[in-house]
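Undergrad: Can you read through this structure? Questions will come right after.
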Amino acid sequence: MALRLDGKALAAQLERELEARVRAGLGQAGRPPGLAVIRVGHDPASAVYVANKERACGRVGIRSFATHQPADTDQQTLLKTIQQLNRNPAVDGILLQLPLPRGLDGRALLLAIDPDKDVDGLHPLNLGRLLRGEQGPRSCTPAGVMALLQRAGIALEGKRALVVGRSILVGQPMALMLQQANATVTVAHSCTVDLLARCREAELLVVAAGRPGLLGAEAISPGTVVVDVGIHRQPAQREGDRGRLCGDVRAGEVETLASHLTPVPGGVGPMTVVMLLVNTVRCWARSHALDPVLPELH
Ligand code: NAP
């Protein structure tokens, strides 16, 4: 039976470690870390994500600067909001909650965020820093996967890793981070020929295809470490039911074959949120010349 890579438990542990670091650094810094989350419009899922992030900030001692703008806010107004937050010395991290309402140019807005406050790690400069192996905020979801693997003591050096998915948000930075940890990395995508054969060759499989239940027993060799990044809500079975969450992997089939498996929910999701806090506290520590925060994590 696969060992469960419990992201919920590790995220709680990392929150405690961050809270202690914030408490210890308050005297020297003279203020708590600050995270600004910009939400535009009324996407219900975004409202839940932002509320979760704010609660998590509260637990760690990060001050939240929430900005909620109406759906018809224009590009210029949002640019001004970002520029003000860039200049605000109490704000260490800025996050633009995606997706944005139609008509807004998300790329231009992400580009306007000060790269040193880009706690989502999506600014081209930070993606470039990752490519070059230089310091800088790392994309939260793949950084969360790396932290899970690291704290579980899973050695990556020399491992055959397959990343399914090549998005800028997950697949591409994931592949770079695994490569930097000296894994031998293959990236699969929608045009990959014989995906199942590629999967069966892998010793570590990270699945971020955004396809519910894409891979099952047929894709796993015994002893593989399986990380399921996908998250989907299944159709409700009964009226009033919300429908269960599932991933890109059919967990029930894989758990008897894999050596380790991330659950959905409770695997990669909580790690994504906690890495946002890690990035914020790191930016705060850097700007106050405090010791590096959780330097052993990527
Ligand atoms: P995305 O932008 O839609 O990218 C999906 C990638 O998967 C693309 O590169 C696509 O290939 C590839 N792909 C799609 N179908 C495939 C198939 N049948 N075989 C092989 N590759 C296939 O999605 P994303 O933003 O990376 O997110 C992926 C999943 O992770 C989603 O379910 C998302 O909800 C989830 N997610 C979870 C968290 C979390 O915190 N748990 C965070 C972020 C994302 P092409 O490039 O060829 O189109």
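Backbone N, Cα and C atoms are what each Cβ position is placed from, and that goes for glycine too.
TrEMBL: automatically predicted annotations, no manual curation.
Sharing the record's features from TrEMBL:
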type: BINDING; residues: G165, R166, S167, I231; note: NADP(+) binding site
type: DOMAIN; residues: 5-120; note: domain 'Tetrahydrofolate dehydrogenase/cyclohydrolase catalytic'
type: DOMAIN; residues: 139-286; note: domain 'Tetrahydrofolate dehydrogenase/cyclohydrolase NAD(P)-binding'
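Could you place the listed features in the three-dimensional structure?
TA: Following the DSSP three-state reduction, the secondary structure of R166 (NADP(+) binding site) is coil.
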Undergrad: Would you mind splitting the domain 'Tetrahydrofolate dehydrogenase/cyclohydrolase catalytic' (5-120) into helix, strand and coil residue counts from DSSP?
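TA: Grouping H, G, I as helix and E, B as strand yields 63 helix, 19 strand, 34 coil.
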Undergrad: What are the non-local neighbours of I231 (NADP(+) binding site), defined as same-chain residues 6+ apart in sequence with CB under 8 A from its CB?
TA: L245, C246, G247, V264, P265, V268, G269
Undergrad: Of all the binding-site residues given, G165, R166, S167, which residue's CB has the most CB neighbours within 10 A?
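TA: Answer returned by the neighbour count: G165.
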